[in-house]
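Here's the structure we're looking at; comments come further down.
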Amino acid sequence: MGPVRHILNERKSRKIAAFLLINTAYMFVEFTSGFMSDSLGLISDACHMLFDCAALAIGLYASYIARLPANGLYNYGRGRFEVLSGYVNAVFLVLVGALIVLESFERILEPREISTSSLLTVSIGGLVVNVIGLVFFHEEHHHAHGEAHSCNGGLQSSENHNKSRNRHHIDHNMEGIFLHVLADTMGSVGVVISTLLIKYKGWLIADPICSVFISIMIVSSVLPLLRNSAEILLQRVPRSLEKDIKEALDDVMKIKGVIGVHNFHVWNLTNTDIVGTFHLHITTEADKSSIREKASDIFHEAGIQDLTIQIECVKR
């Protein structure tokens, strides 16, 4: 299936594409008005919209790439493209937020005259666009869950997911988009407030203060994405499974005939796919098939979808 057909056939992709077009069009309006009126608040809000557009485009592309089948070069598929893109996007957002804060402090020390003739109209228009985005993605944020997909392992790959505990995974792609739009909405509210204060009170300092507020919204909304994507790329044990994995290891050690567990590795392949491998040392007289099945059931219940177990008989 080509990318265009994928967008047309998938409800979530259609929503992303539609809002991407709306957001991109109004971003240019905000940039133009911001530079003409010399409003840092409006320019910073437009910068955030620029990265929102990048996030939307990445999410749209990732939703297509993630569907491509695994091949000889990408044995696990390309699901990690979304994770890598999210990390890069998060780093740039933090940098933009820091630059806006620095510029804001300069303007607090040396306030500049700002033209408010068209600023209020543009600010309210930006708020309307972001409210449309919230309506678009609120349902997905509230209800969407990712489906866990298993990958074929090496020595023994367990694929019976019906035995696993009923776990739901948030669709991190849609969640991230919703949080971006929510932060943008709060930023638009700040721009409208600062414009009103400048127009009717003459408080020029309201513009840089609003910009600092927007920057805080940008950074605070992106830090969880930055941390989570970095942990996935560094193959950290999933935070949500730490306790369950420890209990699973204890349960496996209680199986009759098991001597020890070695070379144990668990990591997030993508936001939803969890992979585990380990060597299981058992006694020579133990039943390999029975022990493998019991160990597989235990780790499936702990949330590991793709499990590879190597059985090693050890003389005692």
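Positions of Cβ are set from backbone N, Cα and C atoms, glycine also.
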Membrane-side pairing of Arg11 with Gly176, Swiss-Prot annotation: yes
Three-state composition of the topological domain 'Cytoplasmic' (1-15), taking helix and strand from DSSP: 12 helix, 0 strand, 3 coil
Residues from the same chain, set at least six apart from the ends of the topological domain 'Vacuolar' (102-116), whose C-beta lies under 8 A from its own: 36-40, 195, 198-199, 204-205, 207-209, 211-212, 215
Segment proximity, the transmembrane segment (81-101) to the transmembrane segment (177-197), 3 or more C-beta pairs under 8 Å: no
